Every structure is written in C-alpha cells, then in structure tokens.
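Pulled from TrEMBL:
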type	residues	note
ACT_SITE	Asp536	active site
BINDING	Arg496, Thr508, Asp536, Glu585, His588, Glu607	N-acyl-D-mannosamine binding site
BINDING	His588, Cys598, Cys600, Cys605	Zn(2+) binding site
DOMAIN	56-394	domain 'UDP-N-acetylglucosamine 2-epimerase'
Amino acid sequence: MYLLEELYFKTLSKRKKQVMEKNGNNRKLRVCVATCNRADYSKLAPIMFGIKTEPEFFELDVVVLGSHLIDDYGNTYRMIEQDDFDINTRLHTIVRGEDEAAMVESVGLALVKLPDVLNRLKPDIMIVHGDRFDALALATSAALMNIRILHIEGGEVSGTIDDSIRHAITKLAHYHVCCTRSAEQHLISMCEDHDRILLAGCPSYDKLLSAKNKDYMSIIRMWLGDDVKSKDYIVALQHPVTTDIKHSIKMFELTLDALISFNKRTLVLFPNIDAGSKEMVRVMRKKGIEHHPNFRAVKHVPFDQFIQLVAHAGCMIGNSSCGVREVGAFGTPVINLGTRQIGRETGENVLHVRDADTQDKILQALHLQFGKQYPCSKIYGDGNAVPRILKFLKSIDLQEPLQKKFCFPPVKENISQDIDHILETLSALAVDLGGTNLRVAIVSMKGEVVKKYTQFNPKTYEERIDLILQMCVEAAAEAVKLNCRILGVGISTGGRVNPREGIVLHSTKLIQEWNSVDLRTPLSDTLHLPVWVDNDGNCAALAERKFGQGKGLENFVTLITGTGIGGGIIHQHELIHGSSFCAAELGHLVVSLDGPDCLCGSHGCIEAYASGMALQREAKKLHDEDLLLVEGMSVPKDEAVGALHLIQAAKLGNAKAQSILRTAGTALGLGVVNILHTMNPSLVILSGVLANHYIHIVKDVIRQQALPSVQDVDVVVSDLMDPALLGAASMVLDYTTRRIY
C-alpha cells in the first residue's frame, strides 16, 4: 500500500503544484462527501479517511441524510461519528411509507433542503456514490448549483430502477471513478470524456483485501452465538425490487422457507428503505424469524464486522450488490436471487437463481453452494483505489470550464489509463513447475515476458509451496514498479490436474511429494488474486492458441518433447481435458508391444523412446560400453551423461547414436500418425528442446505410414520460447478479459 502511494504521488508532484497554483494561492480543495445509507458509507469511508490524512491538500465536509438518520434502519450515522468524522450537516429527507410515492417525495424533500446546505458549505467538489434515489437528489442539486461532481461506481449494470438512476447521475457528474474495465467502457459509450474517467477499483476493496486475517471468531460469536463455527453459517441480505415489488416479496418468503428447511444458523439483515421493504419486514415477522433459534435478525452490522462475517460464512444468499461485488474478495459462495443484480460482473463464486420461483430451487442452490471455497476475485479492485482517487482529486483544475463536454461517436480508442494517463500493462503471473526448475514470470497481454525469476525446484512439498509463495509475492511487488496490473496467477505443472478445483491429482515421478495438492487456495489467499492450474502439456497448447502457430485454428495438437513427452489438444477452439482430466497424455501412446519400459508402468510408450530421459538412458549405455565418445568429444568426470551428449555424438558421425535418434524419431512419428488418424487436426506443433532434432524424421514417417487423406497435415516446430509460462499466463488473460476458458 505504502509503496503504491509513493509511486503514485511522486510522479504527479510537479503537476499537482501547478494545479494548486492555478486554483488560487495554493488553496486547499474543499470536498463535500454526502452519504445516504450504510451501503454507500462502506465505499465512501476509505476515501474520507484518505482525505482526512492529507489536511494540507483537502478540507472535508460531511453531509449525512437518508436512512442513516432513521431508527428502524439502525441510526447508522453513529458509525460515522465512531469513525471520528465531524458531521457538518444532518438532513432528514426520508418520507416514510416505503412505497413508490414515498421514494419520489423523499427525493423532492432532499431537493428542497440541499440548496441551503450547499450555499453554506460552498464545496469545490461533491463526491456522490452509486445509484440510490437519495444520490440522484444530491447530484441534481450540485449540478444545478454549479458544483463539480465526482461520481463513484458509474458505468455498472444491474437490475431495477437503480440502473436508470446510476446512469442519470453519470450524465450530471463531471468526473467518474469506476471499478471495472467494462464499467469504464460503458462510460465511454455513454459519451463521457475519457480524460475524466479513472479506473481505480472499488474503494471498499482497500479494506476488504486486508481484512480476512484479523481475529474473527469473537465477531461470529457476538452476532450468531457461541456455538457457531467458521464456514458453518449463512448471511442473508435481500432487498425489494422496485420494478416488481410483489414478486420480490414472494421471492423473499420462499428464501426464508428454504433457509428454515436448510437448518443452518443464519444472520438475516433487514432490507433497505426502498419501496416494498415494509412488506418484507412483515414477512419476516409473520414467519417468526426474529425469535427462531436458527436465525439472528439485525438492522445493521458495522462494516468492519460485516466483512468478517461474510468472509468466513459458509454461504451468502440474497440480491444485494455486496454479494456479487465485495464478497468475491474472499471466495465465499454466493447465491444471487432474482434480477436485481442482473448484468453485474461476478466471480465464479456466484451462483445465479434468476427465476427463484420455488422453494426447491433455492434449497437446491443452498446444497450446491454451502461450504465451498472459491478463488478470491479481484474483478472490482486490487486494494489500491484510494491512492488513485486522491491523486485524481489533486489533479482537478478548478480553472477549467465547469460546463461538461460530451464525446459523441466516434468514441476514443479502447484505452485504459490511470491518473497519470499511462497505460498500465495488463499482465498475469505465470508459474512453471518443472522437474528441475521453478520459474515465475510477469507476462503481458501480448505474450511478452516482462520479467522472469528462476530457482531450483525443492524436493519437499513444504519447501516448494513456500518458495512458490515467496517468488509470487516478490513478482507481484515488482509488477507495481514495472507498471503492470496483475489480473491473476496461472500455474503449469507436470502430472494430472483438476483445473476446476486447482488441484494436482497425481504428479510425474520427476516432482516428488506432489499428489493431491491444492495449489489454488494458498496462492489465492496470499495474493488475493484468482488462480488457474493446469497440466504443462495443456498449457503448451493454450500458449500456441493465444500466442503461437495455433492462433486462429479450430483444431490442432501440440506435442512437448522434453524430459518427458506431453501434449495438449485444441478441438473447436477449446482445450480438451477429458472426463477424468487425462486427455492428451500423448507421451503414453503405445507404439510397440515389446518396447522399453516406461515410468508410467507400461512399455513401448512414445516417452520410453523419445523423451529426454529415454535418450539419457541410451547415452549412458553407450558411454558405459565406451561407444559414445568420438573424435572431438569429451565428457568431464563431474558431468552426468545426458541426451545432449547423444545428439552431439550423432552429429559427429557416431552411427550407434544416429540409430538411437532415428528410432526415437520414428516412435514419435508413429505417435503423430496415430494422432492424425484419431483427431484429424489441421496442424501438429512440436515443442520443446528436442523438437528440431525430430521434425524431419517425423515427417518421413508420416509420408510412409499415414493415410493419404492426412499426409498433407502440416507438422511444425514451435517458435515460442517459453510455452509453459505463456500457456499459464493465457489461462489468466483469456478468462479475465471475458473469454471463457
């Protein structure tokens, strides 16, 4: 965090001084933050704390209105006071009734009261959050009184009237802080000035991503009882849908019935103040939720405690934006009911039940989700939003014309920029677990290896995991200095892998203590990033699909020729894993019934002939019989005989070495013929250190042994330097840019 602040503020110091001089005698920027309810305060509070820590640049005025000041909704203004903020103005703006007319009247009452407040405070800029009807009144008042507006979380998409309100505030606002790349693109499509859009991430993530490791059991016991364990309770938060109130009340009733049947301790939060909330509270009381032994019904939970509760819950259920946005930071399973959040970007932890019209559907969703653990998602932020926002505020020139300018089509290039207008390189952390070395790299969207780290692969599980975490943390820190935004972690490893769960099921004998290993959880928990894991052969195929000679092809096969023999199959543009994640074990295609023994336990496999280990075995035999070395060759006493010595001997005319290589290439060629006859791909790509030595023999075998209909299929040598790392990176880059993997 401090490193990021230093990087951000140091680079803009010169421009900042110039702006403040323009603004008049180094005058502080007077910022008014208006908060309407508990939800928006959780997003605004981190910004308010940031502003408060820099009194030399800012003056902060806090205006509180809306449901903050209503006892039925927890009098949540008190948490603002507890955070040691001075509340300049309290405005009672809510007209009770909790129906559509009351919402309209509340907006009108706020519009009547706000002008006096704004005339008295005279802020330079007002910060408005989100999509609530109170926020619309704030933005309308500020816009009509020529006060600049900074809108937080514009450009997002969801259901209900909130969507329309959010976009209406966008059109009134002068500056925009958005949380996701899609939201940024929506703002640009809405003709907002790209230079006034900041892709910062959600401010609440600055607190979320550092919250999970704190003491949490005392909080769980306080709200749910002394007998409740972590991951063994549910958090429920459901609001009315203002465009279909009757259906949302019925859905809430079905949700409560399902939770009663599911029979787990549940914390139920009261709904917000939207039209229909009064009827939802009546449903709760009708079903006796406030007195049911399995339920705890509360009006409000302080945000610091709420995030601990959802972080360690077995599941969250409802239709709150918190479920699809903030909870993803912890990988907690979420059941999103109905259409209130339709269109929101979500992590894989969210299960949607859009047509929640029966108790059974909701109950089935609870059985599917409860107790699972998903990768932590950073779709909505990386924990560094506040430094970006403060820097953005300091760059605002009050001498610029107040009148908004709209950028009508054609829209500017699809470029994302931070406050310095410097493109952050979207990147992935790629990890390659080989038999000898452990490599970690920062890989850009274009397949450039920005920086690479290499260490020997430890022999024990504990040492290996510790080293992976250490190298990834160091690489992530270095990425900040290199202006790379890390989107996730991709891991390539030998053996059979379950990519859905991120688990190495069975490893090769080259990597010891590496069976039934969960790689996803420790990395996701440490780095707060989503993590993907796959077999090294599959990763090589993914690398070719995104960056190599397989780009744009519908069907192709990759064969890796290295220490072992592996491969990957792309069919109809997608990677084939197989029913038990054992597809593309191409090194274990049998090409001879009486061939040499293979490490898999069989014999006659391609790997037993053509792998680096097989060539090393044959080289040692020749060396032991004094038949390896020829004139111009020597092997130092402290150097082990290997495959490269065999290749060198063959090049220098050693007939026996040449025969061994020809046999190995023929075995590989027969395997390729079998692949051509089985898969009929449009291309076969040979990858790895031995590919160049085999390519001509393989093509000869195809001409002699393959059916005429497949003899024209091209066989090429990969031109990628690091296919395992690039493939690991492609899992991250394809998924996070919304390509389904």
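Even glycines carry a Cβ here, placed using N, Cα and C.
No curator has checked TrEMBL annotations; they are predicted automatically.
Annotated features, which come from TrEMBL, shown on the structure.
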residue	record	Cβ neighbours (10 Å)
Arg496	N-acyl-D-mannosamine binding site	18
Thr508	N-acyl-D-mannosamine binding site	20
Asp536	active site	26
Glu585	N-acyl-D-mannosamine binding site	17
His588	N-acyl-D-mannosamine binding site	20
Cys598	Zn(2+) binding site	22
Cys600	Zn(2+) binding site	15
Cys605	Zn(2+) binding site	28
Glu607	N-acyl-D-mannosamine binding site	27
Distance [Cα-Cα, Å, rounded] between Glu607 (N-acyl-D-mannosamine binding site) and Cys598 (Zn(2+) binding site): 7
Recorded positions near Thr508 (N-acyl-D-mannosamine binding site), in sequence order, restricted to Asp536, Cys598, Cys605 and a 10 Å Cα cut-off: none
Nearest of the recorded positions (Asp536, Cys598, Cys600, Cys605) to His588 (N-acyl-D-mannosamine binding site) - Cα to Cα: Cys605
Model confidence over the domain 'UDP-N-acetylglucosamine 2-epimerase' (56-394) (mean pLDDT, whole number): 91
Sorted by sequence, non-Arg496, Thr508, Asp536, Glu585, His588, Glu607 residues with Cβ within 8 Å of centre, N-acyl-D-mannosamine: Gly494, Gly495, Asn535, Gly537, Gly564, Ile565, Gly566, Gly587, Cys600
Shell list (Zn(2+); ref centroid = CB of His588, Cys598, Cys600, Cys605; cutoff 8 A): Gly587, Val590, Leu599, Gly601, Ser602, His603, Ile606, Glu607, Ala608
Between Cys600 (Zn(2+) binding site) and Glu585 (N-acyl-D-mannosamine binding site), the C-alpha gap once rounded to whole angstrom: 11
